[in-house]
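According to TrEMBL, the feature transmembrane segment maps to B:6-33, B:40-60, B:66-86, B:98-118, B:138-162, B:183-216, B:222-253, B:260-280.
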Amino acid sequence: MTKKTPFSIKRRTFIAGSGAAALAAGVTGFPAVLRAQAPDPVRIGLVHPVTGFIAFSGTQCRAGAELAIADINAAGGIQSLGGAQLEAMLADSQGRPELGASETARLIEGGAVGIVAGFSSAISLATTQEAAKTNTPHVVDVGVADDIVNRGLTNTFRFAPGYGAVAQSAVARLDEINKAANSPAKTAVIIHEESLFGTGTANLMTEELPKIGIEVLSVIRHANPTRDFTNIALQLRSLQPDLIIPANYYNEYVLLARTLRQQRIEAKGIYSVLGGAASNVQFVQEFPEAAEFIMDCNHWYDPNSEVALQRRAAAEAKNLFYTYEVFCAYNAVAFLADAIERAGSTEKEAVIEALNGSTWDNHGMPYGPTEIVNGQNQGAQAVNTQVQSGRIEVVLPAEFASAEAVFPMPSAG
Amino acid sequence: MVDPVILIPSLINGLTTGALYALVALGLTLIYGVLHIINFAHGALLMLALFGVFFLNQIFGIDPYWALLIVPPAMFVIGYGLQRGIIGKASHGRDENILLVTLGLSIIIENMSLYFFRSDTRTVDTPYSFEVVEFAGAFLPLPKVIAFFGALITAGLLWAFMSRTDLGRAIRALAKERKGARLVGINVDHVFAMSFGIGIACLGVAACLLMPSYYVNPQVGYGFVLIAFTTVVLGGMGSFVGAMIGGLIIGVVEAMGGLFLGDSLGQFGIFAIFILILLFRPTGLLGHKA
């Protein structure tokens, strides 16, 4: 018979008690030791429209941003902060500026060191303004309205070009292409979606095209979403422009291009500005015939850059279409991370100072090293692409070109 | 000034588009007419049907028109199951419950689609996607012509079913007088579920006819459901013929509005009609007073 003492304890009870004590000690007694081993993560807020009418683009942006975070973490994180890992804080603007703003505020309250947002111009205007209230560094990934960086917000940075610069390039290069073919294009119709991006781009093009001798016959605005482009195609048939210039989001572009083909509408050129098939791998793969010879002036990587090609291969290995949203968001995150690295701090002022002084060049874009003036990267530029034999080729500027422009486009027969 | 040369083609285009709107609205009006349910999940279920057509094409190579043999019956089963499993149970409570349930269903279906199918826009490229029929100076895409006649045939079949079969008569009896129908031995729960199933099967037909000329993504239902509600209100809640006429009118108004006012204002005309009908003829063109 076992003799019991007042302090006797069973073996199982002891083990359980020890385990509990060890757990309690782990939770309360040693966090300082654990923290010393792994620095606090650096939280980056990603605000994108992953649902709603531009969900495809928003999802692509998020995927690009997450790829960048994964790559930076795999390479050892932020070295100047002891290898701190980047951590994504995700938010969905649903394509609505007011939601983008409230989600930005939520992420900042939750500890985001910087914000990368928001795909559309209207959303970017709202998210940058919200981040400005707390002077939180904000890098715009795709929003192209010039007002985003022209409002004097010191927290706002844009690595990619705005539509003012893109429209000027688009017009100058169109002039170059047209003149090289003995100026066959004399008239154009602009078809644009009705939000800030499409309207702003259309206004700029309407102003600039007459300066190169191209008359704008009509500017046709359409809603998002638009279910049917037959009316617009019929108007094009009536107007018979030499050039069709679309500026719209992916879904509408797909329908427009299909309708043009169905309605047998032909022009000397389909020349998109910041939209369109020529710079969307998915469209080119799914509708190679409709996309053939379409030109676009848009965000695009340097086809001769090893960095860009490696990133493209990595993205495609993950079954991602390597659209401009993916690499623009990737670079926006990497640009911000580079600034945090150089700042050696997550203090907002220090990061903003580092962003202003950035000379980052590991981006694979046709930009050269970063040079920020009033938040805008001065070297950022769009390139001209054209679909040729089912491939997206860069046709201008010549220093980045992978093929020569085909203009006027051959008849589909 | 609009070029008269494009008026007739635009009118024809409006009619073909309107027939598709009518087809989507047919199911909605059937469900409202019999069950008195305003089904906010109609757009989400249309999206589900479109994805069904898309995946049948991508995985098994089934043409969207052959999918008519699979998708509408599958949608019928889904509709029947939803009515017996969720909507029927919720409809025993207050009227608002059912609105919230269908709204909740719509959100669940869309978010699950986003999760499983991603937000990519998908299209089906068929050998006839770019074929056109020339008529009165208009190039009519072959898929739209097929959709137009498909919608008319579906509406005709549905009308024949409702007027010539026992089940159709039971559905109509139930729509007119629930208590009386129950008293004469109609299995109310079964007929309700059949009605809901048939309404949702109409979406399956619409999806098969739409897919060759349209696209699908998890948000695609939104645009259609608003138009479908307007169509049903315009035609008269619960009226098949009204839904057909309403759909055609809306298609033409949208096309003409786009032509005269610009595309982004084309839908202005539709909603102006919606408000005017609500103000001056709330029962719709062919609806009856309750």
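Keep in mind that glycine also has a Cβ here, set from the backbone N, Cα and C atoms.
Unlike curated records, TrEMBL annotations are generated automatically.
Long-range contacts of the transmembrane segment (B:183-216) within the same chain, counting only residues at least 6 positions beyond its ends with a Cβ under 8 Å from a Cβ of the stretch, are 20, 23-24, 26-28, 30-31, 34-35, 37, 39, 42, 45-47, 49-54, 57, 64-65, 67-68, 71-80, 82-84, 87-88, 121-124, 126, 128-129, 141, 143-144, 146-147, 150-151, 154, 158, 161, 167, 170-171, 173-174. The transmembrane segment (B:222-253) makes no contact with the transmembrane segment (B:66-86): fewer than 3 of their CB pairs lie within 8 A, with pairs spaced 6 or more apart in sequence. It is B:40-60 that, among the stretches B:6-33, B:40-60, B:66-86, forms the most Cβ pairs under 8 Å with the transmembrane segment (B:98-118). Listed by sequence, the residues of this chain that lie at least six past the ends of the transmembrane segment (B:6-33) yet keep a Cβ under 8 A from its Cβ atoms are 39, 42, 46, 135-140, 144-145, 147-148, 150-152, 154-155, 158, 171, 175, 195-196, 198-203, 205-206, 209-210, 224-225, 227-229, 231-232, 235, 237-240, 242-256, 258-259.
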